Amino acid sequence: MEIPGSLCKKVKLSNNAQNWGMQRATNVTYQAHHVSRNKRGQVVGTRGGFRGCTVWLTGLSGAGKTTVSMALEEYLVCHGIPCYTLDGDNIRQGLNKNLGFSPEDREENVRRIAEVAKLFADAGLVCITSFISPYTQDRNNARQIHEGASLPFFEVFVDAPLHVCEQRDVKGLYKKARAGEIKGFTGIDSEYEKPEAPELVLKTDSCDVNDCVQQVVELLQERDIVPVDASYEVKELYVPENKLHLAKTDAETLPALKINKVDMQWVQVLAEGWATPLNGFMREREYLQCLHFDCLLDGGVINLSVPIVLTATHEDKERLDGCTAFALMYEGRRVAILRNPEFFEHRKEERCARQWGTTCKNHPYIKMVMEQGDWLIGGDLQVLDRVYWNDGLDQYRLTPTELKQKFKDMNADAVFAFQLRNPVHNGHALLMQDTHKQLLERGYRRPVLLLHPLGGWTKDDDVPLMWRMKQHAAVLEEGVLNPETTVVAIFPSPMMYAGPTEVQWHCRARMVAGANFYIVGRDPAGMPHPETGKDLYEPSHGAKVLTMAPGLITLEIVPFRVAAYNKKKKRMDYYDSEHHEDFEFISGTRMRKLAREGQKPPEGFMAPKAWTVLTEYYKSLEKA
């Protein structure tokens, strides 16, 4: 908020400076730019297109202008829309620090801001201004400055009753104004002229910040400033309830393609919207973009690094090619319809070389690919019913839409996600605890952890999902992670062990579910080379790639140093090469060996109850 009256020391201006708005130079000629706005729009931001405009937030001190403006700025930047906020307090500390709060100075304050905002808008940015700007004429002048330059101007009245603004008065300025300690305070002894015909009114006494931001975004979408697809709404592929009976009847009459369990897991991924904006299994154009660029490029740069494809044999192609639709059948049940199918060659070796960086047939997922059909099928997917596995864990399989709602219900102002396919040890917990601490230090009040184990296919020697979920529950029970600020859910994707390529998929899927931050540690989505036993991928590359990956714009990557067991401190700690002798690296192989033999790990490596779950799992294998 702007601080008026005696709280702002007014600097005495020279005569020339005092009258500068009245002087007119005769030797100044406007210079036209060589770069057009359309050309500038091609290189500003990640989506292309000129979006320059000004969103002018006006309202009483304490109405919520700064809160809305900063949240709107964050939203737009995270969705690839370049923007910048000019805040009243900030500007009065620099450009306008020589202005006070007289009517004349308020007028000059607004004029300067309008001119600067016009330049920002002309550069292709969405310029958000957050000023009391109490006078109608001054705001009209700001509009005229923009209209004279053929730039859109949107006046947004941030409307909160005076008594609400006084209740929010964390700096006590209204109290001082009521006591006469501040003179000329807007709303108390200086008039605020409400906008007569603003483009938008935000009732901040009854709407939360997110609702206000969405209202402004919708306005900008209506005026073709922000593309509709920039909001990354989750695209679920379930048939709507009112069309379900007809679709099921249709499915029974269509030819069918049998699919396996991994295919069904990908059906679930698509149906729930994890692969937004895909309409179904990738068509050839999408497949090639994914394979060669790790992105979808139609409608902006959208990170999608792993092919989500359906395979078919030559016999299936001969039978189904030419059909306008066919059903997908899993375990004798028709679960989905694929419409307008497109068949194209499944070049397996090329796919594996690009996706995994190897064609080693002993790699578990590559082995599956090499055994699949020689054709790929893309098409629009309609899933008939929600996917349930009836394994006692379906309550953890929350969709992106459900997760977003849960975070909202928890009043989360930051969501940080942790992907894992292994049991949680205290090194993992250290990363999550430190992230929570960092977010609090950055000013977030309610950061929430999404502990999100992968729930699709994994290789044979990985701990099964059921046991991992029991182990995660024990970690929470022992208080290693805070149950009050942690959401445990299952991510339905199969595991591909594709290293830096796959970790981008893991990250962007959590982005769709509402995560703002993504924790990445050592060798994400990696595994030992099936033949040499060495790391298939350089362990630090996954984190490095994520920090550079295009299209992951709505969340921030949180890379961490390697955690190892500190023998002196008897706990997991960040590895320090200068004290190498103090550290011990406990590999997954050794951890499994200890658990299998019923031995205890070093003190502080894992929560005791969580370790007990692991030993019980390996004992169950011996009995089997």
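Start at 1 and count along the chain as shown; that gives each residue its number.
Glycine too: its Cβ is placed from the backbone N, Cα and C atoms.
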Annotated companion of Q419, L420, R421, N422, G521, R522, D523, P524, A525 at the ATP 2 site, Swiss-Prot, chosen from A473, A474, A563: A563
Close binding-site residues near A63 (ATP 1 binding site), where close means Cα within 10 Å, chosen from N109, G521, A525: none
Residue among binding-site residues T66, T67, A525 with Cα closest to the Cα of G184 (adenosine 5'-phosphosulfate binding site): T66
Greatest C-beta neighbour count within 10 angstroms, which of the binding-site residues T67, N109, S133: S133
Q419 (ATP 2 binding site) - helix vs strand vs coil (DSSP): strand
G184 (adenosine 5'-phosphosulfate binding site): tally of other CB atoms within 10 A of its CB: 16
Between T66 (ATP 1 binding site) and D89 (adenosine 5'-phosphosulfate binding site), the C-alpha gap once rounded to whole angstrom: 9
Shell of the ATP 1 site beyond G62, A63, G64, K65, T66, T67, C207, C212, same chain only (C-beta within 8 angstroms of their C-beta centre): L57, G59, V68, V158, A160, L202, T204, V209
